[in-house]
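Positions annotated as FAD binding site by Swiss-Prot: Gly17, Ala18, Gly19, Pro20, Ala21, Gly22. Positions annotated as NADP(+) binding site by Swiss-Prot, on the basis of sequence analysis: Gly215, Asn216, Ser217, Ser218, Ser219, Ala220.
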Amino acid sequence: MAPALSPTRSHHVAVIGAGPAGLVAARELRREGHSVVVFEKQKQVGGTWIYTDEVESDPLSVDPTRSVVHSSVYRSLRINGTRECTGYRDFPFVVRSGVSRDRRRFPSHGEVLAYLKDFAKEFGIEEMVRFETEVVKVSPAAEEGIGKWRIESTEKEKKVRRDEIYDAVVVCNGHYVEPRLAQIPGISSWPGKEMHSHNYRIPEPFRDKVAVLIGNSSSAEDISRDIARVAKEVHVACRSNPADTFIKQTGYNNLWTHSMIESVHEDGSVVYQNGKTISVDIIMHCTGYKYHFPFLDTNGIVTVDDNRVGPLYKDVFPPAFAPWLSFIGIPWQVLPFPMFELQSKWIAGVLSGRIPLPSKEDMMIEIKTFYSTLEVQGIPKRYTHRMGNTQFEYDNWLASQCGCSETEEWRKEMCLANGVRKEAHPETYRDEWDDHHLVSEAYQDFSLYS
């Protein structure tokens with residue numbers, strides 16, 4: 001075990017992004033006694049939860065010269081986890097007063113944004129944020145001393161470029177901006193329209209069209225039903241489905257689930273692995289996103305390879321730069337806000353010297369062992385950061401490092417019950433449930449923070 005930093009030492013820390021991860025990072029860093037500056041490109045807090053009707057000029061979002069739109073939120077989006085599970089651990093996502101608030105248990109994106117603004121107001125986060133300021137480069141500043149970082153940023157309105165030195169950098173820029181695309185044989189000569197779900201907002205452009213959605217994520221599930229209200233036909237293709245899959249969705253006359261696309265052709269047809277051939281107008285990729293840190297220059301030490309960000313100890317610290325560079329929010333298939341909170345507490349405590357880290361050598365050994373385990377299990381590199389059922393073990397490990405209580409039993413049970421309900425009743429799980437006893441347990445805990 002490497003020695004901790006000087007006890008209760010305060011550092012000048014830059015946080016990149018004022019979304020859900022950046023907000024709680026700023027709070028925890030300041031609580032630990034650090035001096036914090038948050039860089040945010042947009043005019044307000046909220047990150048990807050800030051809805052906009054704007055979409056990118058390139059519907060596939062591959063043109064490097066395009067004007068990037070940060071949000072991937074579509075107009076009809078409602079959260080797919082319960083309100084109780086979604087919120088930060090010590091700032092519950094409860095129904096608040098206000099005529100414009102969404103009181104549903106699975107509220108809209110607008111309610112999540114309002115919650116994040118409530119959080120920022122409650123803890124005075126905005127006073128730490130430089131809005132409309134884009135970080136263009138983050139790089140080690142070795143000439144300034146061990147662990148120092150140079151941040152180059154530009155302010156949109158003032159057109160001011162700053163070059164500043166920080167002791168540490170916490171990266172919280174989200175990962176719902178740079179789309180991943182499916183590889184489809186014949187796509188270069190297919191005459192129809194392609195797009196990524198990042199640029200989906202409303203169903204109207206799909207009226208009377210035949211659309212194919214690729215993917216099995218929550219977004220594919222929700223958007224396919226949204227579009228089916230106006231489209232002629234909607235076909236959902238997924239590579240994880242058996243090759244003979246062809247299922248008409250209950251309650252719809254125009255929505256089908258297929259196996260993956262085998263090929264597309266110049267006549268506009270799409271051929272599936274199940275043998276079906278359909279003439280299609282639009283293909284939408286609901287295929288997720290790439291981790292993307294265009295501002296980060298580490299001379300190749302921290303890389304993104306097939307969507308593996310590495311090397312990272314516990315998905316947070318790159319050993320070569322620990323603890324002066326860290327990442328929040330890399331794992332997926334998790335309850336994000338509670339995880340962000342625990343990661344933030346850990347980072348803040350490590351930086352202050354209160355919590356020790358292993359040596360760089362020991363961190364690298366653990367990372368390599370983890371990578372080897374994934375390889376032996378046949379798990380693709382792109383799933384390195386997928387947690388799913390292991391998320392609570394991870395959260396509890398973080399909690400043990402920080403001296404916090406473990407994940408509440410009600411939160412674990414509620415999350416698992418919601419997953420079962422969602423799979424069995426994708427149409428109604430947001431509005432019909434039977435876990436009232438867990439809701440009562442949650443609100444008993446929430447009373448501690450009211």
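Note that Cβ sites are derived from N, Cα and C of the backbone, with glycine treated the same way.
Quantities reported herein were computed from a predicted structural model and do not represent experimental measurements.
This view paints the features noted in Swiss-Prot onto the structure.
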residue	record	Cβ contacts under 8 Å, 6 or more apart
Gly17	FAD binding site	Val38, Phe39, Glu40, Gly47, Val171, Cys172, Asn173, Gly174
Ala18	FAD binding site	Ala26, Val38, Phe39, Glu40, Gln42, Val45, Gly46, Gly47, Ala120, Ile125, Val129, Phe131
Ala21	FAD binding site	Gly47, Cys172, Gly174, Ile328, Gly329, Pro336, Phe340, Gln343, Ser344
Gly22	FAD binding site	Val15, Ile16, Val38, Glu40, Gly47, Val170, Cys172, Ile328
Gly215	NADP(+) binding site	Ala182, Ser197, Val236, Cys238, His285, Cys286, Thr287, Gly288
Asn216	NADP(+) binding site	Val236, Cys238, Ser240, Asn241
Ser217	NADP(+) binding site	Cys286, Thr287, Gly288
Ser218	NADP(+) binding site	Asn80
Ser219	NADP(+) binding site	Ser72, Tyr74, Ser197, Cys286
Ala220	NADP(+) binding site	Ser197, Leu213, Ile214, Val236, Cys238, Cys286
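Each of Val15, Leu23, Val24, Ala25, Glu40, Val45, Gly47, Cys172, Asn173, Gly174, Ile328, Gly329 belongs to the same chain as Gly17, Ala18, Gly19, Pro20, Ala21, Gly22, is absent from that list, and has a C-beta within 8 angstroms of the C-beta centroid marking the FAD site. Listed in sequence order, the residues of the same chain lying 6 or more apart from Pro20 (FAD binding site) and placing their CB within less than 8 Å of its CB are Gly47, Trp49, Leu116, Gly329, Pro336, Phe337, Phe340. Taking a C-beta cut-off of under 8 Å and a sequence gap of six or more, Gly19 (FAD binding site) has these contacts in its own chain: Val45, Gly46, Gly47, Thr48, Trp49, Leu116, Cys172, Gly174. Within 8 Å of the centroid of the Cβ atoms of Gly215, Asn216, Ser217, Ser218, Ser219, Ala220, where the record puts NADP(+), the same chain has further Cβ atoms from Ser197, Leu213, Glu221, Asp222, Ile223, Cys286.
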